[in-house]
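Enquirer: Structure in structure tokens, see below.
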Ligand code: DGP
């Protein structure tokens, strides 16, 4: 485990700081974003510390698939039957600010393309 995976999200996993957790299982956690960019804005993270998509390893293949199916489950539970956007900001140019792999689920407003 790289020491730079110790972020605010690690503290949320350990329940050391509060978060509005909407889903949890052995491998993943989902909670609402503190700075929502849409009426529904949820983050899905692995419990295994991974810095970003760019540093995920082949051994994380099943975990990454699990995270995407967690997105599907969480989005359905949030009532996003009309669709939603899934975003993984990766690295500096990708706009990543928290260096702990996370998937944004954004919903309940029309999305534009290209993203900013
Ligand atoms: P990104 O730019 O992709 O690294 O997005 C990080 C997101 O994390 C950003 O939308 C705000 C959210 N965030 C940062 N700190 C906290 C926190 O302490 N609690 C919650 N719930 N969300 C946080």
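Glycine residues also receive a Cβ, built from the backbone N, Cα and C atoms like all the rest.
Annotation comment: TrEMBL describes 8-116 as domain 'HIT'. Residues or ranges marked as active site, tele-AMP-histidine intermediate in TrEMBL: 102.
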Enquirer: What is the total of other Cβ atoms whose distance to the Cβ of residue 102 (active site, tele-AMP-histidine intermediate) is within 10 Å?
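Expert: 24, counting other Cβ atoms within 10 Å of residue 102 (active site, tele-AMP-histidine intermediate).
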Enquirer: Average pLDDT across the domain 'HIT' (8-116)?
Expert: 98
Enquirer: What is the three-state DSSP composition of the domain 'HIT' (8-116), stated as helix, strand and coil residue counts?
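Expert: Taking the domain 'HIT' (8-116) as a whole: 29 helix, 25 strand, 55 coil.
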